[in-house]
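To start, the structure itself, in structure tokens.
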Amino acid sequence: MGPAEKLPGPVVISPSLLPKDFTLSKGKDAPAGQDDENSERGNWSSKTDYLLSMVGYAVGLGNVWRFPYLTYQNGGGEILFYITAIWFTFIFLECSLGQFASLGPVSVWRILPILQGVGITMVIITTLVTVYYNVIIAYALYYLFASFQSVLPWSDCFAWADENCSKTPVVSDCNTTLPNGTIIHTNYSYVTSNNLTCLNGSLAYKQVQLPSEQYWNKVALRRSSGLDETGEIVWYLALCLLLSWLIVGAALFKGIKSSGKVVYFTALFPYVVLVILLVRGATLEGARDGIEYYIGTQSNFTKLMEAEVWKDAATQIFFSLSVAWGGLVALSSYNKFHNNCYSDAIAVCLVNCLTSVFAGFAIFSVLGHMAFLADRPVSEVVDSGFDLAFVAYPSALSKLPVAPLWSFLFFFMLLLLGLDSQFASIETVTTTIQDIYPKVMKKMRVPVTLGLCMLLFFLGLICVTQAGIYWVNLVDHFCAGWGILFAAVLEIIGISWIYGGNRFIQDIEMMIGKKSWWFWLWWRACWFFITPVLLCVILCWSLVTFSPPKYGSVEYPAWGSAVGWCMIVFCIVWIPIVAIVKIVKAPGNLWQRIVSCCRPAANWGPSLECHRGERYSHMVDPHKERDQEIPTVDGFVHKLE
């Protein structure tokens, strides 16, 4: 470690030099816990709180209803581990960034003021996603309550079903041999009424829907014909949505101090449920076929040569690890300065990836049993997304003994997985508010948090109308896709190439200690070349292969797509707007202004003076500077002249 990077040694201050009212004790009015390093902002009560919150944020619904499907579709899980190794470097970058400056996803861009709009984009997209993500949690709550019945309501075709509902395949027509030896093709009712027999291989089946599918559409969603037909608010889904927001608000009313304790249950109990489901599934007939279809006989290394496979895997892991959403920066900003964020990033990546693989065994073992009972190939009962979580898997569970118990456990697991991710997403928004209005959040954290939850609840009511599922799919299609990819590209390029990857490595070494040149070789390769190139390829591929949104076979009207484009434009337009504002307000000619905006702000660096060393001895203290700042209506903080 060079002279410019040495941390200051201990400083001894004579008690006679301290003010008379100075005290080292933290009374009941202290803003943070007794062990908090940053008394103004607060820190995690323990490292376990932080790790469980990170795991809960990264491990979400996609690990259960998307990752296993992608694994079997791409011939095995090998490629997913390769991609995870690359995205791991992005997690380490974001964790280090938030921890170093103790700032959220917007204010942390003091590192590169010209790209502060990237942080705003992340927070806006996260806010929009929380609106519909809690609707999915409301779906899980509804099914959870519906499981408290002796007979699951989707286990058979009850009064709400139509003539297309059937638990088993229905033969429509076939070839048969008449008594005179003539072979004819006729409907199945004629065959049965005349005691004839269908010839082998000639059966044609009628298009039918499982009871669970019709229950999902007709009862749970009361789904309309399309986005044009809004219909009325589905009152029981609205109540479930309100309950889900109340749970989120209650868990976050004290910020990380309360959510850090809640995650001990919400992050760990899903693993208990997964183990129970796996043990039960493994004992069922046909489970082996399902598991082999998932990751056994279908595993095929030749698929590594297909570009589509790499694109799908990279996209899924990117979103699964929650990078570039702002949440990793926000959660890490509450770490103590010398926390080992390197080992944290490794732990989160491993747990996330292994959870996805483990969940696949639990899911496919039960789906294999479902295929066995229906005498159909596993491929015909496997699905992903909503169709897996609310149609295929509930249908499979309804066929088990004590079906309500297994249904309750499954939807309780989905509920907890969703809540964990939602906690971190809302904490991302409140952290941003705290960075801009620290005094307000210090005094009014509870009303601000609850007010935010209620505001997002009202925004989400459109998603619990009869056309709600179309709105959920629309926001997911536009906002949770290439908007985040675009922000990620600018983030990695800005930090690695403009701020300087080597400079950022020096910042990290101030936290975790000096490392060898060989240690940083892989990180330099990823941050400078591999990750930016991979992100650009995925972004371009997503734009080139972009298709209009549709839900199942229902296509969206032109105005629906226009609304989607307006949402994503609203999210990313802040990037050029903020860049222009920063350049206009900077001194000098145009080139000098651009150059100054591409340099760290004067108040960029470690939050506490004791951590700045000689490298940041020139840093303007943001705590002292804040008293001379006022918030303006455009959301930025400008110094008073």
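Glycine is treated like the rest: Cβ placed from N, Cα and C.
Now, the feature entries from TrEMBL:
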BINDING   GLY56, ALA58, VAL59, ASN63, LEU417, ASP420, SER421  Na(+) 1 binding site
BINDING   SER320, ASN352  Na(+) 2 binding site
DISULFID  CYS157-CYS165  disulfide bond
REGION    22-44  region 'Disordered'
TRANSMEM  50-67  transmembrane segment
TRANSMEM  79-97  transmembrane segment
TRANSMEM  118-145  transmembrane segment
TRANSMEM  233-253  transmembrane segment
TRANSMEM  262-279  transmembrane segment
TRANSMEM  313-334  transmembrane segment
TRANSMEM  346-372  transmembrane segment
TRANSMEM  405-426  transmembrane segment
TRANSMEM  446-469  transmembrane segment
TRANSMEM  481-500  transmembrane segment
TRANSMEM  521-544  transmembrane segment
TRANSMEM  556-584  transmembrane segment
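Considering only the binding-site residues GLY56, VAL59, ASN63, ASN352, ASP420, CYS157 (disulfide bond) has ASN63 as its nearest partner by CA-CA distance. Counted within 10 Å of its Cβ, the other Cβ atoms near CYS157 (disulfide bond) come to 19, all protein chains included. The C-beta environment of ASN352 (Na(+) 2 binding site), restricted to residues of the same chain at least 6 apart in sequence and closer than 8 Å, consists of VAL55, ALA58, VAL59, ASN63, THR84, SER320, LEU321. A distance of 38 Å separates the Cα atom of CYS165 (disulfide bond) from that of GLY56 (Na(+) 1 binding site). The Cβ of ASP420 (Na(+) 1 binding site) lies under 8 Å from the Cβ of SER53, VAL55, GLY56, TYR57, VAL59, GLY60, VAL263, THR266, ALA267, each of these being in the same chain and 6 or more residues away along the sequence. Close to LEU417 (Na(+) 1 binding site) in the fold, though at least 6 residues off in sequence, lie VAL59, GLY60, LEU61, ASN63, VAL64, PRO270, each with a CB less than 8 Å from its CB. For the recorded positions listed here (ALA58, VAL59, CYS165), the lowest count of other CB atoms within 10 A around the CB belongs to CYS165. Close to the recorded Na(+) 1 site, the chain also has VAL55, TYR57, GLY60, LEU61, ALA267, PRO270, ASN352: residues not among GLY56, ALA58, VAL59, ASN63, LEU417, ASP420, SER421 whose Cβ is within 8 Å of the site's Cβ mean position. The stretches the transmembrane segment (481-500) and the transmembrane segment (346-372) do not meet in space: the count of Cβ pairs below 8 angstroms, excluding pairs fewer than 6 apart in sequence, stays at fewer than three. By the Cβ criterion (under 8 Å, sequence separation of 6 or more), the transmembrane segment (405-426) is in contact with the transmembrane segment (233-253), since 3+ such pairs are found.
For the transmembrane segment (262-279), the partner stretch with the highest count of Cβ pairs under 8 angstroms, out of 50-67, 118-145, 233-253, 521-544, 556-584, is 50-67. Contact count against the transmembrane segment (118-145) (Cβ pairs under 8 Å) is highest for 556-584, out of 50-67, 313-334, 346-372, 521-544, 556-584. 50-67 is the stretch from 50-67, 346-372, 521-544, 556-584 with the greatest number of Cβ pairs below 8 Å to the transmembrane segment (313-334). Just going by CB pairs under 8 A, the stretch in 50-67, 233-253, 521-544, 556-584 that sits most against the transmembrane segment (346-372) is 50-67.
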